[in-house]
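Asker: Sharing the record's features from Swiss-Prot:
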REGION    1-399  region 'Carboxyphosphate synthetic domain'
BINDING   129, 169, 175, 176, 208, 210, 215, 241, 242, 243, 284, 296  ATP 1 binding site
DOMAIN    133-325  domain 'ATP-grasp 1'
BINDING   284, 296  Mn(2+) 1 binding site
BINDING   284, 296  Mg(2+) 1 binding site
BINDING   296, 298  Mn(2+) 2 binding site
BINDING   296, 298  Mg(2+) 2 binding site
REGION    400-543  region 'Oligomerization domain'
REGION    544-933  region 'Carbamoyl phosphate synthetic domain'
DOMAIN    674-865  domain 'ATP-grasp 2'
BINDING   710, 749, 751, 756, 781, 782, 783, 784, 824, 836  ATP 2 binding site
BINDING   824, 836  Mg(2+) 3 binding site
BINDING   824, 836  Mn(2+) 3 binding site
BINDING   836, 838  Mg(2+) 4 binding site
BINDING   836, 838  Mn(2+) 4 binding site
DOMAIN    932-1074  domain 'MGS-like'
């Protein structure tokens, strides 16, 4: 049936901040849906709280609201915009939950808003564990025996009936949050208590265990005509019992028989029809010896559908959006081939592997075990002609400096350690399989211990055989076969005892070069018009390089802490800029979740690891005019110097555009940067460099404790710490010296209680455009990526702001920056200190762009390609009459055992933005978006160190005046009462009940303010902070943030929150000419 004429305006709900379990895949699907609806002439209103997304760009939708994703706020947007319909299945679990709540509240009915695509009833049947089970039984599809419970007593009863182990699955949660595998009665009670709390409807399903069965997923699509197609089938290398988002996944299925594959395909189609889902949907099965169980259905676009889209080239979100407004599969054109309809099932003639990227390098103390709830932050995808090739490419895409054969880290493992690692799934299991094979374990033994199919273990055995052959010397035949299997020249060089350059030159002299194949949805049966390629060492090459002026942009790889979706945002903007200038733009990247790897984002996409060899291979083929490294985060910046060297070595004319690699090195290399600042006469904190533990002690003593220590060249403050005394320094040196290979340790004076400042600017070598000056709410010493910050600054005097601008201009011009620069400063006792400069895109670029209405990344890309700021009329300075606040989302609730204290190591996974006409309301909105709802009534618990008591008394008085009640520990409550602030005393944890934990567990405490001191109180505080996370109570660990919270609560009690679209705010920006 043709598209509906009554649907003229549609509301799309985004998925909010990047968090574990819900990453960039929803920006990718949301952006695709926006384009798809607007192609059909439908007006799109978008609401999302995450500024770092492409979908919240003003030109992606007709109206963009960056507001908290809570039903009350979305209801106000509906009241204002009056959309005809709402699409729930694009914004992940957040979008589904909000749509369900709006329906329950009667808002949709009141304003006549129809749920388009998958209906609320279908969402409920798929998400409510009990309804889902009944629906499956009704159509005769086998499900594991299970019982849905809503209390711990019911869980005890269910356990008696089903036995242990049990899988606990909460209803309506994200990434398996709150669930797990219970092997004992105690574990069951603990997991059920968390799960019931996390579930929106206070329900969990206890399910008989199918741990060890093969996990298989089908991505299916259905339209209103009841036409169904399967887009892709995927097999998890890891068996059941691990969340599919935590598993290594391969498509097509490798180990099932043709009969089993067809049986599951029929079941998948049967299920999507029975549930009445319209659009894309993901169905998970457990399979063993020819029988199967249906595990769950996601009635929405998901992480797996992003993977399926990228693996096959079939644009699931685009088609889902068109189905939602009434089109059918045979009416929708396949945009990749331009000639086949969307009702043709895609076929693949290659192997695709996805590996998750975990944050354990940042959370050394967190539990690494993988279960049914997610811990990974992102993922990589690789394409090859064989399983081995795809696996090798995927491992190097992870950017963890380790490949299968890397032994350094694993030498100390004993055989018993290896057995334990095979038995317990962790992020290291793949490497444990390699180690076990190297140590002579049989394939059967490894398979029995790990429950992983022998097929996958044999593929790793093949890689080991190839390594052993190479150790016998390099011959043309061996080199050719090793390259076919996915080996890098650098790895081959290690095995044969040559340098990487020698292997590369020998390979090129033999004419062994990669060919590029196209991903075209149809195994080359039809011509594809969207060029999307992967490399392999095969005979025929499908790549036809053009003679146009063209640029290669390096992407940022998998989402991880410290390198998030912000860099993908910048990559996409760079493409737009180049296209506007008539330059062909190509991307190399390997993250299946992002907009940059969408089939129609760039002129050509290379789905490849971002390593020196893989990038050079593409450059050799395409002969670019230039390469851009500024937008791909540290991954790309780290390649700048080696890439320039290799281009010169091979005599290629391609240049690195923008700031020169030498200038990047000056900014990254501490000694060179210090010299530059001294020459410019710009103050910096006292600092020194140490190459040994003894030297470190001497330097720290000269500077005076506390000091900030870190290795040189890092991203996201990895292995950075504030050290208060010599014993702390000794411990750090033991831990950190491992981090820096030939790089020394940097030691800085730690500026206590300074105000931290962040500036994003674009320079063309003559003029400097300052996008914004951000004032941090947390004091210096907390990583800038973890700090809340505000535009414009709220407490800095005018003369300080003038100094900041002056320093930014002088540093940018001295470094001859062409493109973006981010500079971090600290203000203390009347002096502005420069902490660091990064001549690359920063994680605040999207936030600044949304706040002031200037697309900085796009402007920077044009400057790098030769435009000047004056030519673009951008020799200006923006001034805004409102306040924008950026707040971060921390992953602690998904990582049991990690402490929630912030420090110089970056911990956050994503960000949100609050925007209103004063700092209080903007901060209130930002906290609401970050799931830290500030209370307007109830109890506030305060426990602070002595030096904070004077400041906190004033904050506490403001809370009491706002009608909140205060409880505090001994010292703090005494001090508050002495200052005339009423406060009730509660016991410290180790003094028995009633203590603060009892209040938290009873749900009476609505806000916790706890600044830590000594190690004992850090531990005591750890218990308080940890239970705050577990019971979802907002907590604050700095005095500055407590002040901001007080102001926010006062303003929210007095004033109305403004609900306005981004373009309405941007119209109020004034530009001052310079």
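The backbone N, Cα and C atoms fix where each Cβ goes, glycine too.
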Asker: Can you give me the Cα-Cα distance between residue 215 (ATP 1 binding site) and residue 710 (ATP 2 binding site) in Å, rounded to a whole number?
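Answerer: Their Cα atoms are separated by 43 Å.
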Asker: Please give me the binding-site residues out of 129, 208, 242, 284, 751, 783 that lie within 10 Å of residue 838 (Mg(2+) 4 binding site), comparing Cα atoms only.
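Answerer: Neighbours among binding-site residues: none.
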Asker: Please give the average pLDDT for the domain 'ATP-grasp 1' (133-325) in this predicted model.
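Answerer: Average per-residue pLDDT within the domain 'ATP-grasp 1' (133-325): 90.
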Asker: How does the region 'Oligomerization domain' (400-543) divide up by DSSP, counting helix, then strand, then coil residues?
Answerer: 71 helix, 10 strand, 63 coil
Asker: What Cα-Cα separation, expressed in whole Å, is found between residue 208 (ATP 1 binding site) and residue 836 (Mg(2+) 3 binding site)?
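Answerer: The Cα atom of residue 208 (ATP 1 binding site) is 54 Å away from the Cα atom of residue 836 (Mg(2+) 3 binding site).
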Asker: Among the binding-site residues 296, 836, which residue has its Cβ surrounded by the fewest other Cβ atoms within 10 Å?
Answerer: 836
Asker: Please report the three-state DSSP label of residue 284 (ATP 1 binding site).
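Answerer: DSSP assigns residue 284 (ATP 1 binding site) to strand.
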Asker: Could you find out if DSSP has residue 710 (ATP 2 binding site) as helix, strand or coil?
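Answerer: DSSP assigns residue 710 (ATP 2 binding site) to strand.
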Asker: Nearest by CA distance to residue 129 (ATP 1 binding site): which of the binding-site residues is it, out of 298, 710, 836?
Answerer: 298
Asker: Within 10 Å of each Cβ, count the other Cβ atoms and name the one among the binding-site residues 284, 298, 824, 838 with the highest count.
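Answerer: Ranked by Cβ atoms within 10 Å, first place goes to 298.
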Asker: Please state whether DSSP places residue 129 (ATP 1 binding site) in a helix, a strand or coil.
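Answerer: Going by the DSSP assignment, residue 129 (ATP 1 binding site) falls within a helical segment, counted as helix.
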Asker: Fewest neighbouring Cβ atoms within 10 Å: which of the binding-site residues 208, 215?
Answerer: 208
Asker: Among 242, 284, 296, 298, these being the binding-site residues, pick the one whose CA is nearest to that of residue 710 (ATP 2 binding site).
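Answerer: Given the candidates 242, 284, 296, 298, the nearest one is 242.
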Asker: Pop the Cα-Cα gap between residue 836 (Mg(2+) 3 binding site) and residue 783 (ATP 2 binding site) into the table, whole Å please.
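Answerer: Checking the Cα atoms of residue 783 (ATP 2 binding site) and residue 836 (Mg(2+) 3 binding site) gives a distance of 12 Å.
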